[in-house]
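Lifted from TrEMBL, the feature list:
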| type | residues | note |
| --- | --- | --- |
| ACT_SITE | H135 | active site, proton donor/acceptor |
| ACT_SITE | K139 | active site, proton donor |
| BINDING | G10, A11, Q12, G13, R14, M15, G78, T79, T80, A105, P106, N107, F108 | NAD(+) binding site |
| BINDING | H136, G145, T146 | (S)-2,3,4,5-tetrahydrodipicolinate binding site |
| DOMAIN | 111-247 | domain 'Dihydrodipicolinate reductase C-terminal' |
Amino acid sequence: MNAIRVAVIGAQGRMGAQAVDAITEAEGLELVATLGSSDSLESLLEKNVDVAVELTVPASTETNVAFLVDHDIDTVVGTTGWDADKLSGLKELLAEHSDTAVLIAPNFSIGAVLAMRFAELAAPYFDSAEVVEIHHPRKLDAPSGTANYTAQRIAAARNDAGLAPVPDATEIDPHGARGAVVDGIHVHAIRQQGMTASEEIHFGSSGEALTIRTDSHSTSAFMPGIVTAVRSISDYTGLVHGLENMLDL
Ligand SMILES: NC(=O)C1=CN([C@@H]2O[C@H](COP(=O)(O)OP(=O)(O)OC[C@H]3O[C@@H](n4cnc5c(N)ncnc54)[C@H](OP(=O)(O)O)[C@@H]3O)[C@@H](O)[C@H]2O)C=CC1
Ligand SMILES: O=C(O)C1=N[C@H](C(=O)O)C[C@H](O)C1
């Protein structure tokens, strides 16, 4: 069988550089292009790329992915910033490219993917739910893509179960101490030197609490998920939101 020809966009970044190594080492994958912010995407077109891995910055990812879809290149995206409007625009674009797939993966770590699934399962059983994320201080966006997605999934599970809004008597909060609110779920972001990525999901009901925590100590945590996605994406078409959809979770 022919190797899958892979390009990495954002190849000099923290994630991109590690993805270059992971793809180079992975059986059945061939790294055929590495692009940084000063390289033209057009240079990919002569490389016969099967799958692009997009690991750049929130300000660039939508334009990069649109170019890749326009050229029918399956794409695995780890970059954050994919809000509802951007996802819906991407879905529309993909509808015009029926053989092409894009995975938008808020998190590639198996621990984080499982933590989000566990949170979704727990959500209907608790009155209170809040998300706390901790990341390195170089991170451009807050709250993290993972925290956003976790809150959205908790909110959807609560909504399906017919739960009332989370109880909260706060009337006075001049400094925003209650954090961001994503679909009714409070989300708190900490930036901490020495940290890679961590998330805690706090649930509570009368007399009991459940805390789910996932830690990524190094960017190596994200590499098996990227390799799995690159190997699997040709089995899909359209928008795949979340690595869990490629893991049967
Ligand atoms: N889904 C997941 O599991 C994970 C997602 N992430 C997300 O991935 C993204 C990247 O993270 P990280 O590697 O830490 O960030 P870095 O800042 O280390 O790297 C980003 C890289 O993208 C490059 N870049 C910027 N714009 C372009 C462009 N238009 N074309 C090509 N390259 C470009 C930058 O180059 P230059 O410096 O020259 O501007 C830089 O090398 C973030 O959004 C982060 O949140 C991170 C970890 C895990
Ligand atoms: O910027 C990071 O580092 C990370 N970004 C992603 C996010 O915003 O959720 C995934 C992971 O948390 C690391």
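Glycine is treated like the rest: Cβ placed from N, Cα and C.
Caution: TrEMBL annotation is automatic and unverified by curators.
Among the binding-site residues G10, G78, F108, G145, the ones whose Cβ sits under 6 Å from an atom of ligand 2 are, in sequence order, G145. Checking the recorded positions R14, G78, T80, F108, H135, T146 against ligand 1, the ones whose Cβ sits under 6 Å from it are R14, G78, T80, F108. Per-residue confidence over the domain 'Dihydrodipicolinate reductase C-terminal' (111-247) averages out at a pLDDT of 98. Cα-Cα distances to T146 ((S)-2,3,4,5-tetrahydrodipicolinate binding site) place T80, P106 within 10 Å, out of the recorded positions G10, Q12, R14, T80, P106, H135. Q12 (NAD(+) binding site) sits 20 Å from the residue listed as 'active site, proton donor/acceptor', counting Cα to Cα. In this view, the densest Cβ surroundings among the binding-site residues Q12, T146 belong to T146, judged by other Cβ atoms lying within 10 Å. A Cα-Cα distance of 20 Å separates H135 (active site, proton donor/acceptor) from G10 (NAD(+) binding site). When Cβ neighbours within 10 Å are tallied across all protein chains shown, the highest count among the recorded positions R14, H135, H136, K139 belongs to H135. According to DSSP, the domain 'Dihydrodipicolinate reductase C-terminal' (111-247) comprises 52 helix, 40 strand, 45 coil.
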